[in-house]
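Dropping a structure here in structure tokens format, bear with me for questions.
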Amino acid sequence: MALVVYNTLTRRKEPFEPIESGHVKMYCCGVTVYDFCHLGHARSYIAWDTVRRYLTWRGYKVRYVQNFTDIDDKILNRAREEGSTMEAVAERNIQLYFEDMRRLNILDADAYPRATNTIDGIKRLIYELEQKEFAYAAGGDVYYAVQHDREYGKLSGRKLEDMQAGASGRVDDEEPKKRYPFDFALWKGAKPGEPAWDSPWGKGRPGWHIECSAMVREFLGETIDIHVGGADLVFPHHENEIAQSEAATGKSLANYWLHNGMVNVDGEKMSKSLGNFTTIRDLLDKKGIDPMVIRFFVLQASYRKPIDFTNEALSAAQNGWETLKDGLLFGFKLNSALEGEIDRTSQTVQEFQAAMDDDFNTSGALAALFPVAKELQRQGNILVHEGKTDTAPDILQVQWKTLVELAKVLGLEAEPEAESSGGLSDSEIETLIQQRKDAKKAKDFAEADRIRNDLQVQGITLIDKPGGEVIWHR
Ligand SMILES: Nc1ncnc2c1ncn2[C@@H]1O[C@H](COP(=O)(O)OP(=O)(O)OP(=O)(O)O)[C@@H](O)[C@H]1O
Ligand SMILES: [Zn+2]
């Protein structure tokens, strides 16, 4: 089976063929570190983490690089508001980024270059572009001359002629210096009180797009396999990255361009600037949502499609995750061990791989795991109540290991500790259930609810059956 990916550059699905057999060079556009990350960012990084995990599982050696944009107007504005410095704002938000993303089980990148640490590479690239007449200096700034570049627009499919039509409303302080309205800044002349670096064009700082071109080159080389980011970056950010890098090197920047769809709220992109965002922290800490539920929520949809953030969608993800989690915890009830290879020819693995090979279809991959999770959940309940399963444990153990391994490819993992019953033995639980029955008989429903909730907190779920029978599971 071949892995097929949707390439924004060609607008179709293509078989994935890395430059160097068995190796993948992957670059992901990172956050501008001026604030907490929100669910939109979580989606982007969960999607690419999953792609990276899958490629690794598929046997590729993946080198994954993701930047931090640590110089930008938004960061400078925030520093001004706080009476602090750009470095302090950036450093704090980088640490917050790591905390949030690690909680979402997003693996660390192999390198996290920062714009402020790549100034030499950025200057070199701008210099080369100037030599080749793709760039011109104007009033302390340096601009990229889009009209000089015959391929400009190839990623987004935009044509300069068409763009011109809608350009009349664009005015900013760079406008008068540009030879052409869609030229963009590679280097911005220093403004009073802002951080600045020496350069052949005077003191200044880099534009946003050039940093990624420079970092890709420095950390991965002139041509990489996969470049990823949110769909909102296709234009202008990625278009401009391609323009800069390819004009300088004469080689293609990335063979495959992959873009994640947006998390929307009422049809609009969740974003800090629009104020319609929910931070990852609020979801996890204030709302008490399990990080795996967020991951599940993201993976339920194709990475390319927009997703609407609603409470209904979140509770559907919650339900889905509960079932999967029960399946993932099954083996611990059975006291199984996880070592050993899984059977890659099994139907579950085949279905999972077929889905993921089709442009990382994570919803199809979850659908392949679900029957296994449900069956293990059922067996787990039987085990708790009857002391044994109705299928041979060695068969169940193989199913369980398969489930655990494949779910981990999606970054979905369950901790047995989280399900710990706080040391309550079965007979203690039975005693509490009896006390709850007595409380109900005495019409002390508050006490009955208290017992149920206390048990729930300790990971023990009670199920009331008709006729007053109560079954429970951990
Ligand atoms: N609502 C969203 N849904 C999906 N991906 C998003 C969303 N918002 C941002 N991203 C992605 O997150 C990554 C980092 O984005 P960046 O730091 O540039 O944020 P941004 O788009 O400026 O967000 P904001 O406007 O909220 O600050 C990019 O790949 C971007 O496409
Ligand atoms: Zn970028």
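Just so you know, glycine gets a Cβ as well, placed from its N, Cα and C.
Below are the features listed in TrEMBL for this protein:
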BINDING   Cys29, Cys212, His237, Glu241  Zn(2+) binding site
MOTIF     31-41  motif ''HIGH' region'
MOTIF     269-273  motif ''KMSKS' region'
BINDING   Lys272  ATP binding site
DOMAIN    351-421  domain 'Cysteinyl-tRNA synthetase class Ia DALR'
Which sequence positions outside the motif ''HIGH' region' (31-41), separated from its termini by at least 6 residues, show Cβ-Cβ distances below 8 Å to it?
68-70, 72, 74-75, 77-78, 89-90, 93-94, 96-97, 100-101, 230, 262-263, 269-272, 277-281, 283, 294, 309
Write out how many residues of the domain 'Cysteinyl-tRNA synthetase class Ia DALR' (351-421) are helix, how many strand and how many coil, based on DSSP.
52 helix, 1 strand, 18 coil
Give me the Cα-Cα distance between His237 (Zn(2+) binding site) and Lys272 (ATP binding site), rounded to a whole Å.
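Distance between the two Cα atoms comes out at 18 Å.
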Would you mind splitting the motif ''KMSKS' region' (269-273) into helix, strand and coil residue counts from DSSP?
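So the motif ''KMSKS' region' (269-273) is made up of 0 helix, 1 strand, 4 coil.
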Suppose we screen the binding-site residues Cys29, His237, Lys272 by Cβ distance to ligand 1 with a cut-off under 6 Å; which survive, in sequence order?
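The ones that qualify, in sequence order, are Cys29, Lys272.
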As a check: which entries in Cys29, Cys212, Lys272, the binding-site residues, place their Cβ less than 6 Å from an atom of ligand 2?
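By the Cβ criterion, which requires under 6 Å to ligand 2, the hits are Cys29, Cys212.
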Go ahead and report the DSSP secondary structure tallies for the motif ''HIGH' region' (31-41): helix first, then strand, then coil.
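Grouping H, G, I as helix and E, B as strand yields 3 helix, 2 strand, 6 coil.
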Note the mean pLDDT of the domain 'Cysteinyl-tRNA synthetase class Ia DALR' (351-421), expressed as a whole number.
91
